[in-house]
Amino acid sequence: MSEANEFAAVTKAFSGLGVDENLFISSLGRWNRYQRESYRVSTPVFFNEDERQFQRWSDHHILQLRQEFLRLKDAVVLYTMHPWERDARLFKEALLLKIPQHDVLIETACTRSSEDLLGARKAYHSLFEHSIEEDIAHHIKAHERKLLVALVSAYRYEGPKVNDDVAKSEAKVFVNALKDAKRKNLIEDEEIVRILSIRSKLHLKAIYSHYKEITGNFLDEDLDGDLILKQVVQCLCSPQKYFSKILIESLSLDVEESAKDSVTRVIVTRADENDMKLIKEEFQSKYGSTLAAKIQQAANGSYRDFLLTIIAKSD
């Protein structure tokens, strides 16, 4: 391999999700001090020319690389955890951030079975010696607090029966609430909170269908002005659509670190669910590429191989 091609390969190994450990060993490990200096000079994306005439690592990229080296470790640890502990820890991490991650709370509360959500709440008690409901109430002061507490507290009916008349009536509740959205914050509407937090997922899908029949629009699309409610509806009614969007956005190379973390979270937490198969189908249908191909393009090294191994289980 020519020096220019080798430099390009090492730069790629430093970029994206995870790092290519084997390339660092086979290429970078063999370079002498002059080759390393030549690489620094020719790679201004990583190195800045200091006023005292040396090439210094960009502080931003040092922090970024430390995170990328840890990415595989974090994925392996999460994957090995009991699902209840994993969800409980994800809840806690989402709440401890300066700006709490509502999406993590929503996707976990709305896509788990009733028993698994109850299990995560039990695990939260054991790990942190208080309830998830208490922590949400403590860390989130805005209008969405009541809805989020209700969602994590839910124990939904999971049987096949749906009262279609009630579903149609409650679809009209959404229609009327959206008409009045300029007067009243939707997320504070008690009827909306009640429906989203207690109804079975099959019942909510029936509401979604009736809303489309009444308005000609999809409910989640009409909720574009309220991201939290939009995410709740998608996670309850079409989680594969929600997770596919999260993955395509987080597998881009120019996203923030918090978005990159979503790749690990989504793939690891969906690995043993039937929805990984549905997510892959939705991803390919919507974005014209397989999820595996996108991971191959965006990720590096052992981290990439680990993710590909996980998603291959649902083939």
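Keep in mind that glycine also has a Cβ here, set from the backbone N, Cα and C atoms.
According to TrEMBL, the Ca(2+) binding site annotation covers PHE14, GLY16, GLY18. Listed in sequence order, the residues of the same chain lying 6 or more apart from GLY18 (Ca(2+) binding site) and placing their CB within less than 8 Å of its CB are GLU68, ARG71, LEU72, ALA299, ASN300, GLY301, SER302, TYR303, ARG304.
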8 Å Cβ shell about PHE14, GLY16, GLY18 centroid, Ca(2+) site members excluded: LYS12, ALA13, SER15, LEU17, VAL19, ASP20, GLU68, ALA299, ASN300, GLY301, TYR303
For GLY16 (Ca(2+) binding site), the number of other Cβ atoms found within 10 Å of its own Cβ: 20
